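The next block holds one structure in the form of structure tokens; read it before the comments.
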Amino acid sequence: MTEAILPPIAMLAELTHRCPLQCAYCSNPVELLKANREMDTQGWIALFEEAADLGILQVHLSGGEPTLRSDLAELIACLAGRGVYTNLITAGVGIAEGRIEAFAAAGLDHVQLSFQGAKPETTEKIGNHRGAHEKKIETARRVREVGLPLTINAPIHRHNMHEVPDFIEMALALGAERLEIANVQYAGWALLNRDALMPDRDAVEREVQIVEEAQERLRGIMTIDFVTPDYFAIYPKPCMGGWARDAFMVAPDGTVLPCHAASTIKSLNFERFGDWSLGRIWRDSPAFNAFRGTDWMAEPCRSCERQEIDWGGCRCQAMAIAGDAAATDPACIKSPLHARMGALIDEAARMPGNAPDFQYRRIGKVVESAA
Ligand code: SF4
Ligand code: FES
């Protein structure tokens with residue numbers, strides 16, 4: 001049924017694609033933008049002002065690594081001045097002395113800090129950055145010292161799933177309010193590296209048991225967010241809470257997208273802030289309207305009782321696996337391609353050795369290969 005278009009409430013602002021880490025599971029597009037393509041301070045401030053006018057309540061400041069923007073405190077102050085909740089999503093490496101304090105003084109509300117491993121050698125290997133683990137521990141300490149709430153984000157895949165118990169203990173020790181056990185979604189660099197990152201079925205079963213036990217044990221002490229990984233699930237997640245339903249993202253050059261992997265849907269064109277206003281993009285962009293609501297759905301979604309629960313799942317996953325962004329997400333058991341997800345798990349498990357090499361994230365051509 002066609003619904004009224006309600007204003008968005010959340011925005012993910014990818015301030016830059018630059019990053020000191022090179023994680024192979026990154027969901028950024030494989031073609032990363034260089035610094036000279038980034039919007040300048042005034043561009044982001046104009047965008048944030050308009051977002052606040054539109055009714056945006058929360059902005060996730062992300063990247064790449066958002067702290068590489070020397071104007072980050074200014075951008076936070078702009079949002080805080082408009083009463084917008086700000087969440088900094090950081091890898092926590094190389095943040096100069098005094099900057100976390102400056103972010104807090106500018107009005108930052110929350111920090112989400114990623115750890116690639118629960119052990120130094122794992123963090124170092126996955127991110128391809130020497131000493132990363134110790135730097136992240138220090139960042140966590142500084143975040144807590146200035147009194148900001150802390151979420152630890154643990155992107156989980158084949159190379160670190162066995163460390164889930166250690167991630168839980170580490171997050172507790174760091175004083176985190178929340179731990180996200182974030183099973184990697186296969187978009188961008190992660191899709192390129194899917195075979196190398198795919199866990200096996202037994203490991204996922206163990207992971208689910210460990211997390212459920214910890215959620216019970218730590219109730220009231222630390223929240224643990226967890227969703228069964230897509231390829232192992234029977235129903236898909238409501239990706240982005242539904243396409244163009246209440247959130248959107250902005251790429252470093254100001255291109256406004258319904259989700260982080262939308263640019264893989266080549267039949268869609270995406271407008272840039274500045275060429276169009278945010279409000280016009282949200283209401284009128286053909287790309288935003290392509291999969292909004294339920295009218296676009298074909299069977300089995302069209303007659304499914306879950307259509308307003310998961311909104312047909314992920315359009316980008318449908319594109320990647322079915323080759324059709326309008327198809328039912330193959331993560332869904334009702335999709336005729338659901339068996340393909342299982343076959344991809346089995347194909348990855350048959351790869352020689354423990355896992356094939358993965359390609360580290362890099363601006364420029366795909367060149368690096370290591371494991
Ligand atoms: Fe969701 Fe479509 Fe599957 Fe129904 S058929 S559960 S709406 S993805
Ligand atoms: Fe694009 Fe899920 S990542 S809809």
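The backbone N, Cα and C atoms fix where each Cβ goes, glycine too.
No curator has checked TrEMBL annotations; they are predicted automatically.
What TrEMBL annotates here:
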{"type": "DOMAIN", "residues": "5-222", "note": "domain 'Radical SAM core'"}
{"type": "BINDING", "residues": "C19, C23, C26", "note": "[4Fe-4S] cluster binding site"}
- Query: Far apart in sequence but close in space: which same-chain residues, 6 or more away, have a Cβ under 8 Å from C19 ([4Fe-4S] cluster binding site)?
  - Reply: C26, G63, G64, E65, L68, A91, R361
- Note on the structure: Not counting C19, C23, C26, residues with a CB within 8 A of the CB centroid of the [4Fe-4S] cluster site are L21, Q22, A24, Y25, N28, G64, A91, G127, W189, R361
- Other CB atoms, at most 10 A from the CB of C23 ([4Fe-4S] cluster binding site): 25
- Reduce the DSSP letter at C19 ([4Fe-4S] cluster binding site) to three states and note it down. coil
- So, in DSSP terms, is C26 ([4Fe-4S] cluster binding site) helix, strand, or coil? coil
- Task: Quick one: give me the count of other CB atoms within 10 A of the CB of C26 ([4Fe-4S] cluster binding site).
- Result: 25
- Model confidence over the domain 'Radical SAM core' (5-222) (mean pLDDT, whole number): 95
